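Q: Per TrEMBL, the feature domain 'Alcohol dehydrogenase-like N-terminal' maps to 25-139. Feature annotation from TrEMBL assigns substrate binding site to THR40, GLU113, GLU149, ASN153, ASN302. What TrEMBL records for 142-353 is domain 'Glucose dehydrogenase C-terminal'. The annotation NADP(+) binding site is assigned in TrEMBL to ASN180, GLY181, PRO182, LEU183, ARG206, ARG207, LEU271, GLY272, ILE273, SER300, VAL301, ASN302.
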Amino acid sequence: MKAIIVRRGNSHPELAEVPDPLPESGEALLRTLRVGIDGTDHEVIHGNHGENPEGDDYQILGHEAVAVVEDANGTDLTEGELVVPTVRRPPNGTNDYFKQGEPDMAPDGHYVERGIVGAHGYMSELFTSSPEFLVSVPDSFAEYGFLVEPISNSEKAFEHAFASRSAFEWNPQSALVLGNGPLGLLTLAMLETPSSPFERNYCLGRRDRPDRTIEIIERLGGTYIDSRETPVDRIPDAHEAVDFVYEATGYAKHAFETVDALTPNGVGALLGIPSDWEFKIDGGRLHRELVLQNKALFGSVNSNISQFEAAKVRLSEFPDWFFDAFVTGVYAPSEVETAFATGDESIKTVVEFDTL
Ligand code: NDP
Ligand code: ZN
């Protein structure tokens, strides 16, 4: 079958012919429709993140997919049913994190990740999976269901943010998303859905107008903030101190500046994955601010099945125009180079293996 892979020692993706996967007992065979590309794929390609599956000198990329059940293989799935796969799998047999339905809370070594760490991903015509790692979605998700995975990462962050404030009456109204990359824009769209309690949402970038991400921010109803004019710790003076900060820049200073952007009793979620970077901060002041203003700061990665389910509901609340504006390219597997190209004109690209 055709697959988009990265070979060990190479730092570019390529289209290759690889053996068809054979479902083991208890596994179904899935036919891939679409697979989204994100920053993690680029990190895997450049060898900054992840590792090949044991015994293979290549890895099939991709972890944001939507697929059809091709062969249920004795599982209780229905052939023709549409599904979105989760990312983490237990490395050798299962462990408590997976048994509890909380693979997203497993520390390193207690999981592999399809398309990222130690397991093949979904950028191939076919893949196999146990049904417990598949979320059923309606046929209307054939085109954009691959967004359920990235949205689920933010559902987890929202859940943890609310949980961290659940010991008192927290009625957040304002939110600040740091980063206008795909994760930041998706999260802003989530904050702007009709069921969201957030009334005033800001999104930070570092781009000049005209820019398609700024157009999306404003069309969603958010306020664009340029970090070159208004650094994160100045946002309370320029706009307002916010109840919730969602960091998706991977710019390490933002983790600490978040404390200053928060209103008392506010919470900041850190999602970005920066490289090592040493810089000076006034740790004493930040520590004091966290304590005396009852602020919270936490990190969040990956997501569990219930957060995938929440993401399904959220995705169906997005306005129709958003998908056309956000997905800037749909490519055939043979167009791998263009699909992985980056630049200000590209927001979210996707490889299409098949259609319903
Ligand atoms: P991108 O790198 O595409 O987006 C980051 C955005 O932040 C870019 O648009 C960039 O602007 C902007 N940015 C960076 N630094 C600044 C700054 N100083 N001021 C203003 N804007 C800035 O990544 P993604 O959107 O795909 O993901 C965001 C982060 O989250 C990444 O670090 C990624 O690794 C991580 N991630 C974490 C997950 C998790 O579960 N924790 C899941 C998925 C991703 P510009 O484009 O103009 O340079
Ligand atoms: Zn991802």
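Just so you know, the numbers here start at 1 and follow the chain as drawn.
Yeah, the Cβs are placed from backbone N, Cα and C, and that goes for glycine too.
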Q: What other residues of this chain sit with their CB within 8 A of the center of the CB atoms of THR40, GLU113, GLU149, ASN153, ASN302, the recorded substrate site?
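A: Checked against the 8 Å cutoff, the neighbours are HIS63, GLU64, VAL87, ARG88, ILE116, PRO150, VAL301, SER303.
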Q: Can you tell me which of THR40, GLU113, ARG206, ILE273, VAL301, ASN302, our binding-site residues, come within under 6 Å of ligand 2 at the Cβ?
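A: Only THR40 meet the Cβ criterion.
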Q: Give the subset of the binding-site residues GLU113, GLU149, ASN180, ILE273, VAL301 lying near ligand 1, defined as CB under 6 A from any of its atoms.
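A: Passing the 6 Å Cβ check against ligand 1: ASN180, ILE273, VAL301.
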Q: Determine the most Cβ-crowded residue among the binding-site residues LEU271, ILE273, VAL301, using a 10 Å radius around each Cβ and all protein chains in the structure.
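A: Counting Cβ neighbours within 10 Å, the top one is LEU271.
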Q: What is the interatomic distance between the Cα atoms of ARG206 (NADP(+) binding site) and THR40 (substrate binding site), given in whole Å?
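A: One finds 21 Å between the Cα atoms of these residues.
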Q: Sorry to bug you, but what's the C-alpha spacing from GLU149 (substrate binding site) to ILE273 (NADP(+) binding site), rounded to the closest Å?
A: 17
Q: Taking the Cα atoms as reference points, how far is LEU271 (NADP(+) binding site) from GLU149 (substrate binding site) in Å?
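A: Rounded to a whole number, the Cα-Cα distance is 14 Å.
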Q: Just report the maximum Cα pair distance in Å for the recorded substrate binders THR40, GLU113, GLU149, ASN153, ASN302, no decimals.
A: 14
Q: Validating a neighbour-count step here. Other CB atoms within 10 A of the CB of GLU113 (substrate binding site): how many?
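A: Result for GLU113 (substrate binding site): 21 neighbouring Cβ atoms inside 10 Å.
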Q: Check the DSSP secondary structure of GLU149 (substrate binding site), expressed as helix, strand or coil.
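A: In three-state terms, GLU149 (substrate binding site) counts as helix.
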Q: Compute the C-alpha separation of GLU149 (substrate binding site) from ASN180 (NADP(+) binding site), stating it in Å without decimals.
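A: Rounded to the nearest whole number, the Cα-Cα distance is 18 Å.
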Q: Around GLU149 (substrate binding site), how many other C-beta atoms are within 10 angstroms of its C-beta?
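A: Looking across every protein chain shown, the total is 26.
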